[in-house]
Amino acid sequence: MDDAAKDLGRCAVVLPAGGCGERLGSLTPKQFCTVLGRPLISHTLEAFERASWIKDIIVVVASESLDLMKAIIHKYGHQRVTLVKGGETRHRSIFNGLKVFSENHSDDTAIDKPEVVIIHDAVRPFVDEDFLLQVAKSAKQHGAAGAIRPLVSTVIASSSDGFLDYSLERARHRASEMPQAFQYDVIYRAYLQCTDYDLDFGTECLHLALQYSNVKAKLLEGPPDLWKVTYKRDLYAAESVIKESISQQLCIVTNVKKEAIEVGFLLHENLKLHYKVKAVSSSMCKTIHHLQNIFHGQCCNFICINVKDLDFEETQNLVDLLQTTNASISYPLVIVSVHLTTEDSSSGNKLSGVRKLAKEAHKSNILVYGLLINIDQDKVQLQQTVCEGTAIITALIKDRNPALVGQLMVA
């Protein structure tokens, strides 16, 4: 991706994050609402941090939220972020963010002026790097560019007495979305010429570039994930999208004993229909690199097969290994601790062991669930049991329910 961006020049992003979230119906501004254990804005920052060609991320927040934002940056290890005090309106906040790059900026926070600046919303966490680059390149070529999406509903205008005045042709009109990008001089010059009315009541940055810098923006059809978290239901939708994204790959950790290998193979065959699955021997998992090098990207889901009755050694070793990393800071990790049992085994002792292990692991944002699989069966029955266990594992990974942590389920 860096090679594809090499002709772009220096690029930065401005994220206005000073909204109060009135439409959300919450006292907490929506950018700070928790989504899967993490503030929404942290997910948005992560999306931009993936693009190494973006050199600076300017987050504009209300003065009363500066300390909170600093704490979020520190806790989640965000990089390349500069905080700026916001204005009373969205446009005034964006203008404050742009001023950081100005040669006339007297504050110590002044940083190198970019050739291209991207403007995005802190409450739009789902932005693809490929599309970001497409918008930025179009802005460099044309002066301005922005994402659009088809209108979902027809837009109508009402008369002063509440009757239909006219409607817009939906096939011709589009919804303006984020991200938008500009040559820095184009958008900064436009904001310098804005009236107070523009700064207080305006909504469209692309229009400011057209009105004050005489630059027509190139409009690009964006992907469907560009939606904005506006209402409370959107928080649930955002959490579902994130859960789906971190549930794509799975690692099965097993030892070399015959029973573990057999069950591990059956689980692999069933789970590969739903996930990208890799199976590794527990003897290989001596360091986190052995696990994470299996995948291109972070693995958040693990199945650990324990053979010995009442033994949690394999699962405990995996928990200890994951706790040495920062992997669980960003997202909750799931470990399904599978225990191979026979008719004579005592599940009560296993239950207390799972709960104790899971309670400690949960403090590190690692969700441990227990699953019993009876191996004292013929081949056909075992296959059916493993198939039922696969359904349980799939539900646990998809839902990531902390209320079920430490529970021992039976396939």
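Easy rule for this one: first residue shown is 1, then count along the chain.
Cβ atoms here come from the backbone N, Cα and C positions, even for glycine.
Per Swiss-Prot, site 'Transition state stabilizer' is recorded for ARG23 (among others).
Among the features that Swiss-Prot reports, site 'Transition state stabilizer' is placed at LYS30 (among others), with the record citing similarity to another entry.
Neighbour count (other Cβ atoms within 10 Å of the Cβ, all protein chains): 13 for ARG170 (site 'Positions substrate for the nucleophilic attack'). Under the heading site 'Positions substrate for the nucleophilic attack', Swiss-Prot lists ARG170 (among others), citing similarity to another entry as support.
Annotated site 'Positions substrate for the nucleophilic attack' per Swiss-Prot: LYS228 (among others), in sequence order. Within 10 Å of the Cβ of LYS228 (site 'Positions substrate for the nucleophilic attack') there are 15 other Cβ atoms, across all protein chains. In the three-state DSSP classification, LYS228 (site 'Positions substrate for the nucleophilic attack') falls within coil.
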